[in-house]
Amino acid sequence: MDPGRRGLGLRGSPADGSGRRSGPNQRTRGSAYSCVGRRVGRSGGELEMEGICVEKLMVVVLVGLSVVVGVVCQGEEMESSEVYIVTLKEAPAVHYYGESENLHLLPISLVEWNVSTSNRSYGSYVVRYHDSLLEKVLKGESYLKLYSYNYLINGFAVLITPQQADKLSMRREVANVVLDFSVRTATTHTPEFLGLPRGAWIQDGGPDVAGEGVVIGFIDTGIDPKHPSFSDEISVNLYPVPAHYYGACEVTRDFPSGSCNRKLIGARHFAASAITRGIFNASQDYASPFDGDGHGTHTASIAAGNYGVPVIVAGHHYGNSSGMAPRAHIAVYKALYKRFGGFAADVVAAIDQAAQDGVDIVSLSITPNRRPPGLATFFNPIDMALLSAVKVGIFVVQAAGNTGPSPKSMSSFSPWIFTVGAAAHDRIYSNSLLLGNGLTITGVGLAPGTNGDSMYTLVSPIHALQSDTTDPNNMYLGECQDSSLLNQKIVQGNLLVCSYSIRFVLGLSTIKQALQTAKNVSAVGIIFYMDPYVIGFQINPTPMIMPGMIISSPIDSKTFLSYYNNSLVRDGSSNAVKKFGGVARIFGGQIANYSSSAPKVLYYSARGPDPEDGMLDNADIMKPNIIAPGNLIWGAWSSAGADSLEFKGENFAMISGTSMAAPHVAGLAALIKQKFPSLSPSAIGSALSTTASLYNKQGGPIMAQRSYSNPDSTQTPATSFDMGSGFVNATAALDPGLIFDSSYNDFFSFLCNINGSGPVVLNYTGKSCGGVSTMNGTDLNLPSITIAKLNQSSIVMRTVTNIADNETYSVGCSAPYGVSMSVTPTRFFIASGQRQNLTIFFNAIMNSPAPSFGRIRLYGNLGHVSSVPLSVIQKITFNMTTL
């Protein structure tokens, strides 16, 4: 087959991307640059694939790509070729409910294939149809098909020119042609902070069974399979692979046979879109599920890492780690990479495969680099694939994004996705510096303190030059990156003072190199002061092998430098330093302190309202859904992890972001799924939302940081657009009493209600909006109510279902400012398994464009409390114009 004619299949063998079944119920579809394999059985809990070594197969793929490029070079359009995601009008496999009896739904050519291959699945027909369409439309032209999507969406990713994209878009079979877009990546104590050991885990039978039988799929940067957090040998109890999971484990040089086990039960990687762009390096990016970044290993351990794994970093023991659901199973779908992030075409392929493999939960600590263009943010390939995943019962968790604190900064848009923002928990690692003038300055650093009560002399490298010819403005000198520039006799036995500049944030300079410099010149310790240009970056505690500290505040850094400079004794004529008068003592930062002001929303956590459009026409969705621990989180780290250079070579790392918050919720969702296997994804989200906490450990309101610089000085009480329903309450979520449930059909009706959406909905679902009873965002039976534009009055309906014992509930509410409201009934009895309708009346009593917030609470006589946040953005009392 000429790859320039048919495209080079990259999802398996044969090249049509359909894959092969090599055992009962075993799907082995995967990226073709991974191993083409066969299942070797469940013995020992392994689900592996044997096949061509990935390095060899990568050469084949790259050769294939070069052949295509060579053909294109003879034409005129090579440099304009880009990856497009093409969706077709026919339904994907997940929306197809039959075999031969539904042939009238298929294209003529597809029916012909069915006659000759009646034993093949509908998905296989779809893949063949993709190839036939490309052959027909682009006959004689060069192109490269990267993936066929047939389970969650019906479409393919293809490398073509804009002109070829126009040809495809004009075909009656083609529904949508979208340019591929990039995406990016957005715990020893948090189980205790969330109350798991004394609450949720006890309800489930302890950490040895918490999450058992539930499979969490991670779309991330891969995993380090040798990490003890993912071993299946820690527990003596039987640990069977769930029967409903049909995934496979790639075998490559980086990910050898035996990498998967009864804990880590599946692993694949996807990089076809990255390869076509020429930015994928097999040796640096690892053409396998192995994690060369660290991010994926970290998130997987937060959600489902083993219980009781010692956290030892730089030789110091920081406690024992555990995931939220330590008995849950892990399946990895690597689609992101350290050097360049990832692309939607690869992410959609990963999601599609995870759904086919049978995961119960999908955790995405990734967000798009830009808002998807088009009719509505919901209509992008990733969100629509996730909608189909929800249809088959998969609970989808996504990080809100690290683009806060401004309003409408949300990077996770859709109501069927459970969006998680980042909050601080109560454990704090901080150390301090006592100066010779009696001032104390706090900072960060996982470092020991200086010995005893002794004070040590402060020496800056610019005043300890080895040679007079050295430029004192040399960046590497001030950042302590080159010990050869320093006079050891001046520095030894003293505290070395270094500048922490933006170069550290960019990875051009490192703490480790500065520590090595300090060691080389026999310094007793090291102090970093903040360059004034490093604003808006949170400086995490960093492991240090000697006494040390980073002064993380620019104001404190200025105070420190003033003390240091004023303490210098200089020669009156030459201005040379004659004596270093500044002294200090470092107090260690390896012992944690605990704050009573937690949780609070971190400044970087993205905020609502949902940024649907400037006119707020379809923004009746509360985002984020909830907040969870995301700051300073200990988690497993890959042996080759390079995302945080300061933890390179360590088994654990402490990092921050909404990327860390999302897997906390994914793990807690696994506990709910274990207890209530039949709950829908929306019902699981409801259990987490209605039980969320609104208060910090002091009993005061949860606060939200409002600025990058000195964020604690600008914090104010959090609103629903900062924290959603509130801070996740793990134990209460396992006994919510009432739940609000929304179905796939509800979300479908919501999409159909968006003006002009009919063709786009048909494009992605294969189902027409014709005759469908539509609903807007406020009509969705969500555990929250957001009214983007309250024009005089509005009536909103909600339905609750009782998943506990018979109970009587009373209703209380607090109205948003500028709004009057009422709820009926005010009291009701609801039997177990039964439903109750609630009607909420809203009336605007003032004109205001400012958001305001309220809450409905349902109080059960058996102790259940369901809390429903209310938000009204724009309030209009009348439409008349006053003359």
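Cβ coordinates are placed from backbone N, Cα and C, and glycine is handled just like the others.
Features reported for this protein in TrEMBL:
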ACT_SITE  Asp220  active site, charge relay system
ACT_SITE  His295  active site, charge relay system
ACT_SITE  Ser659  active site, charge relay system
COMPBIAS  1-10  compositional bias 'Gly residues'
DOMAIN    83-185  domain 'Inhibitor I9'
DOMAIN    211-704  domain 'Peptidase S8/S53'
DOMAIN    779-871  domain 'Subtilisin-like protease fibronectin type-III'
REGION    1-32  region 'Disordered'
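Everything TrEMBL records as a feature, shown here on the structure.
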residue: Asp220; record: active site, charge relay system; Cβ within 10 Å: 28
residue: His295; record: active site, charge relay system; Cβ within 10 Å: 30
residue: Ser659; record: active site, charge relay system; Cβ within 10 Å: 30
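Taken residue by residue, the domain 'Subtilisin-like protease fibronectin type-III' (779-871) breaks down under DSSP into 1 helix, 62 strand, 30 coil.
Distance noted between the C-alpha atoms of Asp220 (active site, charge relay system) and His295 (active site, charge relay system) is 7 Å. Across the structure, Ser659 (active site, charge relay system) and His295 (active site, charge relay system) place their CA atoms 8 angstrom apart.
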